[in-house]
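> I am attaching a structure below and will ask some questions about it afterwards.
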Amino acid sequence: MAAAADTFLFTSESVNEGHPDKLCDQISDAVLDACLAQDAESKVACETCTKTNLVMVFGEITTKANVDYEKIVADTCREIGFVSPDVGLDADNCKVLVYIEQQSPDIAQGVHGHLTKRPEDIGAGDQGHMFGYATDETPELMPLSHVLATKLGARLTEVRKNGTCAWLRPDGKTQVTVEYYNENGAMVPIRVHTVLISTQHDETVTNDEIAADLKEHVIKPVIPEKYLDENTIFHLNPSGRFVIGGPHGDAGLTGRKIIIDTYGGWGAHGGGAFSRKDPTKVDRSGAYIARQAAKSIVASGLARRCIVQISYAIGVPEPLSVFVDTYGTGKIHDREILKIVKENFDFRPGMIAIALDLKKGGNRYLKTAAYGHFGREDPDFTWEAAKTLKWEKPQA
């Protein structure tokens, strides 16, 4: 066991699918799914905002698809659980505003030449820099603090929808503080220091009932017993009342939960949101391939922890830069690992879309829009499949 002086605390948070910002992410990605299902070449930049009894969908979409935006809004809200004004929004009676224009032809010609370019020649949809991160502290190769916060939120939704905790409402937030030990650059979780859950609830339940149910039905099934001890702190609905929630409690907007979507504050973030964007937007596709690269490095045993950065210029296929850091945990020098990354991954946007099958619709992107884009066991999350890396090992 590490001495107390050698440990530190790190905190990650998450929000439920009923949080107003996450509602907007899900509507935007449901629109993207609908477009791609009918037209794999759809160019989508679809924002959503919401407030009491109102959802507005707006942005730029160029597609051959016939999209019923009002139905997508209603179906998404209903599936989350927004079915009456008292829970924050009524899916079947809220006002829906749609303001959609086509993608700028200036952007279109620079990025994909109005569909005349080969996949390997498709330029990045914008400038920017993206990061992928992986760590060996969990089976998912994700940070434990982030994994636990995310799973607590998902469990809140599960016990709400299956009736285990019928007093729950859709909105809610979680936060987990983990005590860590830095083992020569690798992160080793020691214990869970603090668990915070703030969840929307109905009028009838007491705070004591909320605390008891959250401990029994949410925390115990999610957090391994080995991480909990007599000193673990629990803050369960500490404000004392959370009846008003969803868009009634707070306005929501697509793209405001980018740290929750990624690594919970670990690694780094280039600033670009994922939801609402088709695969030509490297904010999304670049971050996905960077995660696969970082995960493949850790899964292969080349490092215990790894971050990968890539950067782009609008209209240019090749990345401007690729960077790798293993935080001192690499089995070989980082410059050799960088060579391996470059040899095994094609970072051109058109080739990323092919390698990760990113033009497929259905409900693929909707699934990413709540409970994290990374560390998920789902065949649609193709970037989570670690590649078997090929490289020429240096001669002894």
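Glycine too: its Cβ is placed from the backbone N, Cα and C atoms.
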> Out of Gln26, Gln103, Gln309, which one does Swiss-Prot list together with Glu60, Asp250, Lys281 for L-methionine?
Gln103
> Please identify, among the binding-site residues Glu13, Asp250, Lys257, the one with the smallest Cα-Cα distance to Glu60 (L-methionine binding site).
Lys257
> Just how many other Cβ atoms lie inside 10 Å of the Cβ on Gln103 (L-methionine binding site)?
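Result for Gln103 (L-methionine binding site): 21 other Cβ atoms within 10 Å.
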> Closest of the binding-site residues to Lys281 (L-methionine binding site), Cα to Cα, picking from His19, Glu47, Arg241, Asp250?
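Minimum Cα distance from Lys281 (L-methionine binding site) across His19, Glu47, Arg241, Asp250 lands on Glu47.
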> Given the binding-site residues Glu13, Glu47, Gln103, which one's Cα is the least distant from that of Lys277 (ATP binding site)?
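Closest recorded candidate to Lys277 (ATP binding site) by Cα: Glu47.
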> Sequence gap of 6 or more, Cβ distance under 8 Å: name the residues on the same chain that satisfy this around Glu47 (K(+) binding site), in order along the sequence.
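When sequence neighbours closer than 6 are ignored, Glu47 (K(+) binding site) has Cys24, Ser28, Val57, Phe58, Gly59, Leu253, Thr254, Gly255, Arg276 within Cβ distance under 8 Å.
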